[in-house]
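What follows is a set of notes on a single structure, which appears directly below.
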Amino acid sequence: MSDDSELTHVTDDGDAQMVDVGEKPDTARRAVARGEITLQPSTVAAIETNDVEKGDVLAVARVGAIQAVKHTWETVPMCHQIPITNVDTEFSTSETAVELTVAVETTGKTGCEMEALEGVTTGLNVVWDMVKAAEKDADGQYPDTGIDSVEVIEKEKRAL
């Protein structure tokens with residue numbers, strides 16, 4: 001952190017506060033986040049062929065990701081409720097992973113990167129929930145399963 005940066009969600013006394021964005025002009029904003037869940041190759045193959053007992057994993061995860069984007073303000077304490085104008089979700093698979101990319105757009109006074117991150121993490125949690133029976137080992141643990149590399153990969157702000 002640079003010397004001139006300050007924590008915007010904390011008062012001088014150290015109390016939590018929501019940032020006042022009331023005076024900021026509306027701008028067009030877009031944020032893209034990504035992450036991946038590592039799985040056993042047999043689980044990824046079952047997802048790709050829609051052969052998972054609970055149903056279409058990626059369809060359910062897509063709905064979960066979109067719902068999470070729309071409800072970020074309810075789960076991240078200092079997030080503003082923003083008007084979401086668009087959500088795009090994209091899944092890709094490799095032999096041992098499912099990657100989810102979520103792009104969020106809004107027009108308003110504050111960005112939407114937290115919404116994109118919330119969409120990714122919830123979407124990947126839904127994947128885990130849908131395949132957990134296949135991922136458990138004999139002891140009920142998940143030695144091959146993990147959510148990793150969650151990050152914001154793009155952020156845009158354009159004047160209207």
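The chain as shown is numbered from 1 upward.
Backbone N, Cα and C define each Cβ position, glycine as well.
Some features that Swiss-Prot has for this protein:
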- Asp129: active site (ACT_SITE)
- Met78, Cys79, His80, Met114, Glu115: substrate binding site (BINDING)
- 1-12: compositional bias 'Basic and acidic residues' (COMPBIAS)
- 1-24: region 'Disordered' (REGION)
Greatest C-beta neighbour count within 10 angstroms, which of the recorded positions Glu115, Asp129: Glu115
Distant-in-sequence Cβ neighbours of Met114 (substrate binding site), under 8 Å, six or more positions away: Thr72, Val76, Cys79
Binding residues Met78, Cys79, His80, Met114, Glu115 (substrate) - maximum C-alpha distance in whole Å: 12
Output field, substrate shell: CB within 8 Å of site CB centroid, site Met78, Cys79, His80, Met114, Glu115 dropped: Thr72, Trp73, Val76, Ile82, Thr110
Nearest-integer angstrom distance between the alpha carbons (Cα) of Asp129 (active site) and Glu115 (substrate binding site): 21
Proximal but sequence-remote residues of the same chain as Met78 (substrate binding site) (Cβ under 8 Å, at least 6 apart): His9, Ala16, Gln17, Met18, Val19
Chain-internal residues near His80 (substrate binding site), provided their CB is under 8 angstroms and they sit 6+ positions away: Met18, Val19, Val21, Trp73, Gly108, Lys109, Thr110
Protein Cβ atoms within 10 Å of Cys79 (substrate binding site), excluding its own: 19
